[in-house]
Amino acid sequence: MASKIGRLPSTFDFQSFRWKDVVRWFPGHMTKGMRDLEETLIKVDGIIEVHDARIPHSGRNPNFYKRLVGGHKPHLLLLNKADLADKQYHQKSIDYIKQEHPNVEVSLTSFESITAQELSKLFVNLIEQIVEVPRFTRQLNAEYQIIVCGIPNVGKSTLINRLRNMLLSKPKVAQVGALPGVTRSMSERIKICEKPKIYIRDSPGILEPKLKSPDESFRLLLTNCIPLQQTTYSDLAADYLLYLLNKYEKYQYVEYCGLSEPTTNIIKLLTEVAQNKHFTKTYKGYKLVFDLEQAARHFLLEFSKGTLGIYEQFVVIFSFLSSS
């Protein structure tokens, strides 16, 4: 077991750099996606919103979702990647959301491991709600439409493909990628059920145009909801992650990075990672040096995938820091 680190500052020093320059990502397709979603809303009967269970309150655009949902149509919020957050904090996340949005059905799940029976139960419950809601101008329409929305890289397309495969035994049709922003526009209708006839539409991931705090920006970056390629300050993000790991005594990184003991020195850690992973680059055209930028991105990505362990405290940190 790794020995504990020495005394740490109570907070991370965000004042030493312009944090808004570290993470700045609201591409044009998000603006268009917001408009398209609002225009599409009148045609849909239900909404499935997908979010990351580790950061259940970060990045969601409250004003946009208030306009989008309006409280009139069945709304299922799926907190995906719950396997990367400790179970003891699952109910706290649900209670917090239900307090703000009592009409929203909330469920924690993991699309990579959810069984067909579990997925079917979630879907059937939503359909039962949809059928019960008056459709007014669309009463004569015999088919139903559901829209899938949420922040980037939380598994929206994966969910659609799982539903289609489960209900129709058809192959994947929604594009899936490991990077945020793969879905860049509203998709065509995808049939996922024959009786009743149900269509579903994917949508681009949408964030708040202006993130409120450095904590929220880094939370989205650390969970890969904002692509690492969108920051030229991966070393700062890695330093922030290292600070959190040390603060909450999560020392799995020590063995993974090839260190002999915990450290607060991010350069030391990244150098060790670069050496172990053979991350190098050419300096001044001829000299090979360790590529610390690539090492930082690797460190961040491994955390986002859960390689460095499951962190029960991170749900609390990521969810409630900005509101405290």
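These residue numbers are counts, starting from 1, taken along the chain as shown.
Cβ from N, Cα, C; glycine included.
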Which of these, Gly205, Gly258, does TrEMBL say binds GTP at the same site as Asn80, Lys81, Ala82, Asp83, Asn153, Val154, Gly155, Lys156, Ser157, Thr158?
Gly205
Across the domain 'CP-type G' (34-209), what is the average pLDDT of the model, as a whole number?
77
Please work out the number of neighbouring Cβ atoms within 10 Å of the Cβ of Gly205 (GTP binding site), leaving out its own Cβ.
25
Let me check the 10 A CB neighbour count of Asn80 (GTP binding site). How many other CB atoms are there?
24
